[in-house]
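One structure is given below, encoded as structure tokens.
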Amino acid sequence: MSNQTPYIGSKISLISKLDIRYEGILYTVDTNDSTIALAKVRSFGTEKRPTANPVAARDDVYEYIIFKASDIKDLIVCDTPKMANIGGGLPYDPAIISVSSRSAPASDGAPAASAGSSRAGTPSRNSPLGQIIQNQRPGRGGYQQNFQANRGYNNYRGGFAGGYNNQRGHNNYGVPRVNHREKLKFESDFDFEKANEKFQEVLVDNLEKLNIEDKAEPEVEEKKDAAFYDKKTSFFDNISCESLEKAEGKTGRPDWKKERETNQETFGHNAVRSLNYRRGFGGRGRGGNRGYGGYNNGYQHQHQHRGGYNGGYRQNNGGYRRGGYAPRDNQGNTAAAAEQ
């Protein structure tokens with residue numbers, strides 16, 4: 001910080017590694033900590049630069065923001081400060097630190113320039129901000145910004161009075177909250193012996209108030225359970241069987257009417273109709289099978305005659321009694337059949 005930077009007071013535009021652009025006036029550069037401090041800073045956001053997390057611009061103007069040099073992607077000097085004359089009419093010269101001149105008569109009430117006045121546009125070496133910047137050390141990882149870009153910045157009024165105080169309604173991070181509740185104060189230690197004596201007195205008083213009488217309760221005779229098993233009767237006498245049901249008039253045939261009423265109450269009228277339909281269809285199927293079996297029997301009976309058409313048509317249709325090919329069993333009686 002001994003050497004003054006020639007761009008102090010210039011308007012700077014820098015872009016961080018998150019592609020966020022900031023504009024402000026260069027206040028100081030710390031080469032030891034590799035930090036740059038800007039005053040009157042405004043954030044313009046990412047400005048349509050390709051980034052994973054776009055950030056919108058903000059209209060807020062922050063008094064001071066300190067940036068870490070390693071996290072700055074680009075830096076541009078927009079405007080340099082104008083050369084101002086130093087006291088006494090001397091031109092601006094970085095080699096001049098202070099100027100002393102003769103005191104002029106204070107006709108208009110303005111104070112005269114005192115000896116040792118600092119150069120215009122350059123901060124004092126012992127300014128509070130310079131001391132704060134020199135004492136800053138980079139933190140572990142991340143973006144160490146002591147004056148972060150949010151609304152919780154100090155209201156700068158003529159200096160850094162109060163450090164990080166006077167924030168706009170935000171709590172100081174890292175500062176524990178003060179509990180304003182009043183703590184109980186005890187004049188002396190708690191006496192356990194006195195407390196036990198009071199407890200014993202209260203317990204004795206409560207016991208004296210109780211009326212305890214020894215009353216013997218009458219003994220209640222236990223009722224004996226009746227025998228649940230009679231050896232005289234057999235275990236199998238009450239089991240249902242066909243002989244008992246016949247003796248009582250019960251038959252082994254199911255009562256389809258009662259069963260239908262029970263099914264209708266349980267499953268509904270449509271379910272009972274579907275059950276009847278399935279039962280009837282099965283009966284017709286069985287009848288058809290029997291008919292098909294009869295056809296097979298007839299067909300087999302027809303083919304028992306190896307002779308030809310005579311026996312087959314005579315058995316089924318009742319026609320063609322004459323003519324045709326005679327069976328093999330009747331070859332000896334062919335002439336007799338022709339005579340008839």
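Using N, Cα and C of the backbone, Cβ positions are placed for all residues, glycine too.
The domain 'Sm' (1-81): residue composition by secondary structure is 3 helix, 43 strand, 35 coil, according to DSSP. Residues or ranges marked as domain 'Sm' by Swiss-Prot: 1-81.
Here Swiss-Prot flags 101-125 (among others) as compositional bias 'Low complexity'.
If you look up Swiss-Prot, you'll see 101-148 (among others) marked as region 'Disordered'.
Here Swiss-Prot flags 126-148 as compositional bias 'Polar residues'.
Per Swiss-Prot, domain 'DFDF' is recorded for 178-214.
The feature motif 'FFD box' is assigned by Swiss-Prot to 227-243.
The motif 'TFG box' annotation in Swiss-Prot covers 251-271, and the record cites sequence analysis as its basis. Cβ atoms under 8 Å from those of the motif 'TFG box' (251-271) belong to residues 242, 245 of the same chain, restricted to positions at least 6 beyond its ends.
The region 'Disordered' feature in Swiss-Prot is assigned to 277-340 (among others).
Here Swiss-Prot flags 280-296 as compositional bias 'Gly residues'.
Marked as compositional bias 'Low complexity' by Swiss-Prot: 312-325 (among others).
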